[in-house]
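> According to TrEMBL, the record shows the following:
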- 18-32: compositional bias 'Basic and acidic residues' (COMPBIAS)
- 1-35: region 'Disordered' (REGION)
- 52-73: transmembrane segment (TRANSMEM)
- 161-178: transmembrane segment (TRANSMEM)
- 184-202: transmembrane segment (TRANSMEM)
- 269-285: transmembrane segment (TRANSMEM)
- 316-337: transmembrane segment (TRANSMEM)
- 349-370: transmembrane segment (TRANSMEM)
- 422-441: transmembrane segment (TRANSMEM)
- 466-483: transmembrane segment (TRANSMEM)
- 489-511: transmembrane segment (TRANSMEM)
- 523-542: transmembrane segment (TRANSMEM)
């Protein structure tokens with residue numbers, strides 16, 4: 001090449017002596033200097049188009065098949081289509097019943113505006129309390145579902161319950177499709193997406209709670225978060241063209257805002273994402289502008305969410321807002337220092353310290369000046385969870401006893417290992433993390449890195465989207481190791497990251513670079529393994545787990561709860577329309593859905609007043625759950641009449657509960673809160689001269705019959721009318 005270039009340069013220098021020839025030479029030089037994009041051969045374009053078409057078809061098909069699978073499994077599990085409406089509604093348990101009940105209320109409203117007004121000024125759910133149900137319970141999914149049901153004319157085609165659960169199942173299909181696309185974008189092959197879907201479905205007990213509680217807020221919200229992750233992954237890629245970058249930015253903006261509107265805890269998850277992006281910005285200097293564009297999306301979503309969520313102060317005092325504002329301020333204070341110098345390294349450390357300090361300071365200032373009720377119960381729970389505080393509080397101890405709030409069990413790790421997910425995830429995470437650290441140390445030492453990383457380089461940790469995902473999955477995994485309920489946030493991305501890794505030639509090439517493989521051409525071996533390993537995994541999963549999935553669909557199960565059906569039927573037929581029922585919050589949610597009658601409490605833990613109705617340490621007399629404690633008939637009567645309750649429902653399952661975990665039965669927790677048992681050394685034992693109310697009231701003797709009259713009972717429930725005029729009997 002050097003011999004060929006020499007004469008050309010010499011010829012151009014000679015032509016400069018003549019004017020006419022000089023003009024021609026300038027034209028030739030412009031033509032030669034202008035990069036002419038080489039058109040790829042037709043067969044190459046066809047291969048690219050076929051790859052993208054097949055990948056998109058596989059992604060959409062995977063999502064649709066998963067949604068159909070959920071629908072078929074739900075039908076088989078509950079025998080849903082052969083049930084009456086009341087029996088179908090009983091399948092919605094706890095807080096899920098509350099969400100679906102408001103969807104029903106919206107459909108009964110004469111107009112959408114009237115329905116929204118009744119929900120925002122709701123005084124027909126909880127006695128003596130008017131609530132903004134839309135804000136307090138994040139009912140935006142129900143509002144959207146009711147609008148779509150009526151606007152699309154579905155009321156003439158399909159029943160409301162099928163439309164509602166169909167939307168949720170459809171969103172789960174989008175969830176799976178988004179995970180497919182994310183893994184595809186990272187690995188470059190749609191084979192990774194197929195493996196992601198396979199692992200997700202096989203481990204669905206640990207990836208989603210859709211089987212247990214359909215209307216949960218996370219089932220509505222997490223599909224949008226998965227779309228946001230997919231868009232962010234594409235946005236962070238270095239080789240993305242302008243149009244692709246704009247599309248990813250718009251999709252990311254829309255999905256971030258929608259995710260924030262669907263779930264009240266979404267800003268905490270976005271806070272972890274913002275931390276991941278902040279660390280990415282610190283380690284990967286090329287992506288600084290893109291990361292700050294994502295920060296702007298956070299600011300816009302928080303501001304718009306604050307306005308449309310009835311000025312939700314929780315968004316203003318959220319750690320996400322404090323962190324993003326601190327990052328913006330820190331960027332404004334940054335000095336133009338030459339990269340790689342000692343001063344630049346010192347400035348990086350100072351910038352990191354400045355961001356952390358500003359975030360904490362801003363959050364404290366916002367909480368001082370902005371009136372808020374920002375999930376104080378959550379902070380108290382975390383204090384007790386980590387041993388920073390001790391409490392006899394009934395609700396806190398009850399939450400600590402919940403399996404979903406315990407540390408993950410061995411069965412969880414065993415299930416992930418049996419499906420081969422956990423071993424491959426750990427392998428991929430270790431390789432990506434070590435490669436990332438290698439790249440970071442190179443940058444710290446001032447070594448220049450290539451802008452475009454090729455397969456031969458074997459540096460998978462140098463890609464910004466990989467750095468982001470490694471940091472994010474470590475943060476989510478750390479939380480999941482503390483609270484098992486958070487595994488539903490972490491495990492889906494375990495599926496995605498593990499599938500990306502085993503299908504990525506770049507990851508295998510990185511490993512071979514470290515091993516200094518010389519016997520076989522490393523690039524060829526990496527390409528072979530990136531296809532052979534996922535194929536072997538897929539075949540083994542198909543052989544072992546596919547028959548199980550088919551067996552689940554073939555088994556016809558039945559949800560059988562005749563006692564609850566009889567109770568709801570009696571309430572609808574015998575109880576006055578203005579009656580108020582008292583009982584456990586979980587049962588009250590079912591009564592609100594199935595009958596529409598007013599209740600004294602709800603199974604919600606984000607409202608201080610409702611928490612006090614369930615329990616209150618200082619004023620234990622104002623406690624609905626006290627019906628299962630050792631208190632007098634007069635005490636219970638005062639509690640119930642203070643909330644204008646007309647009927648009391650005692651559940652035999654709670655009264656005679658045999659708990660597997662020591663001290664976690666409702667009656668045990670109540671005895672601890674009331675001081676009727678010794679919880680710790682030094683506690684004072686308060687002797688109760690009364691028996692347990694739920695037992696004593698069944699015997700029908702004075703003074704219990706003076707306050708309560710049994711009007712209905714079956715094997716599981718005892719209903720007592722609360723007497724308005726007390727007649728004392730001897």
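Placement of Cβ uses the backbone N, Cα and C atoms for every residue, glycine included.
Describe each of these features in terms of where it is and what it packs against.
With a cut-off of 8 Å between Cβ atoms, the residues of this chain six or more beyond the transmembrane segment (52-73) that come close are 165-166, 169-170, 172-177, 180-181, 184, 190, 193-194, 197, 200-201, 210-211, 549, 552-553.
Outside the transmembrane segment (349-370), and at least 6 residues removed from its termini, the chain residues within Cβ reach (under 8 Å) are 278, 282, 313, 316-317, 319, 321-323, 325-327, 329-330, 333-334.
For the transmembrane segment (422-441), the residues of the chain that approach it from at least six positions outside its boundaries are 283, 413, 416, 449, 459-462, 466-467, 469-470, 473-474, 494, 497-498, 500-502, 507, 510-511, 537, judged by C-beta separation under 8 angstroms.
Listed by sequence, the residues of this chain that lie at least six past the ends of the transmembrane segment (523-542) yet keep a Cβ under 8 A from its Cβ atoms are 187, 189, 191-192, 194-195, 198-199, 202, 419-420, 424, 455-456, 499, 502-509, 512, 517.
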> If you count Cβ pairs under 8 Å, which stretch among 161-178, 316-337, 466-483, 489-511 touches the transmembrane segment (184-202) the most?
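Looking at each of 161-178, 316-337, 466-483, 489-511 in turn, the most contacts to the transmembrane segment (184-202) are made by 489-511.
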> State the residues, same chain only, that lie 6 or more residues beyond the ends of the transmembrane segment (316-337) and have a CB under 8 A from a CB inside it; answer 'none' if no residue qualifies.
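Cβ under 8 Å, 6 or more out: 267-268, 270-271, 274-275, 278, 292, 295, 298-299, 302, 306, 343-344, 347, 351, 354-355, 358-360, 362-363, 366-367, 370, 372, 374.
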> Most CB pairs under 8 Å with the transmembrane segment (489-511): which of 161-178, 269-285, 466-483?
466-483
> Hey, which bits of the same chain come close to the transmembrane segment (466-483), Cβ under 8 Å, at least six residues off its ends?
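Those are 186, 232-233, 236, 272-273, 275-277, 279-280, 283-284, 385, 404-408, 429, 432-433, 436, 439, 460, 489-491, 493-494, 497, in sequence order.
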